[in-house]
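First comes the structure, then the notes that go with it.
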Amino acid sequence: MTENRSKLNKELAQMLKGGVIMDVTSPEQAKIAEDAGACAVMALERIPADIRAAGGVSRMSDPKMIKGIQNAVSIPVMAKVRIGHFVEAQILEAIEIDYIDESEVLSPADDLNHIDKNKFNVPFVCGARDLGEALRRVAEGATMIRTKGEAGTGDIVQAVRHMRTMNSEIRRVVSLRQDELYVAAKDMQVPISLLQFVHDNGKLPVVNFAAGGVATPADAALMMQLGAEGVFVGSGIFKSGNPAKRAAAVVKAVTNYNNPSMLAELSEDLGEAMVGINADEISILMAERGK
């Protein structure tokens, strides 16, 4: 990927700021998401809650299914690949996907190495639990970061933890003296140039979205108030009682995240929320994958 292409990919990700990206498993769901105001959709054969329930090995979705969703909507379409599976990424780039999510939700293909995202023209989004993980993914070529949270649970606690951790580590880096940055870069195993950017600007070099456990308009607004620049919503929409209404409410909540009166209105009469899973009671944490 050339320097110009990298700059373009970062600018493309900037265009999604303030938006909601929704997991969808069919063209019909994709249309619901688009009509609700989603800025992009994530094409999946199974949403994270179903992946978690089924267990086993979870892989990239069928390209034919992804193409069906691409043909159904005019907004960007994303799709997930396994961590380290660069051939799945090559396939998605070949079908002209708009974004690739190298995702811990799927079973990792490589337990040591992530994809060298700099070799691709298509932009990548990756999950991170802290500043070190985020900057390592950016060094590999990611142009968007999201909290890992704990997908498929409807429990926001992990996403909150990851966002607060990242924010506190950014504040610490900003407070460092110039000569202390080198030690911090060594400890985090990240390039000094990326840590220098964080020190000078007080933020990541790429956009930072929230993901993992967002189930209500209040959850989405919480993550925005904590500093997220947008929100991914997975199982929380289409595992709920009224997906269309909940989807629209989450989109409006992200736009009006500092307006409690509006949030109260948006939270009314949404039907039953997804049945959640307490993240502390789970034996396999997806967020542990890919450091």
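Using the three backbone atoms N, Cα and C, a Cβ is placed for every residue, glycine included.
D-ribose 5-phosphate is bound by ASP23, GLY152, GLY234, SER235 in Swiss-Prot, and the record lists one more residue there from GLY127, GLY132, GLY213, which is GLY213.
When other Cβ atoms within 10 Å of the Cβ of GLY152 (D-ribose 5-phosphate binding site) are tallied across all protein chains shown, the result is 27.
The recorded positions listed here are LYS80, ARG164; among them, LYS80 has the most other Cβ atoms within 10 Å of its own Cβ.
Within 10 Å of the Cβ of ASP23 (D-ribose 5-phosphate binding site) there are 28 other Cβ atoms, across all protein chains. The two recorded residues ARG164 (D-glyceraldehyde 3-phosphate binding site) and GLY234 (D-ribose 5-phosphate binding site) have their Cα atoms spaced 21 Å from each other. SER235 (D-ribose 5-phosphate binding site) carries a helical DSSP state (H, G or I).
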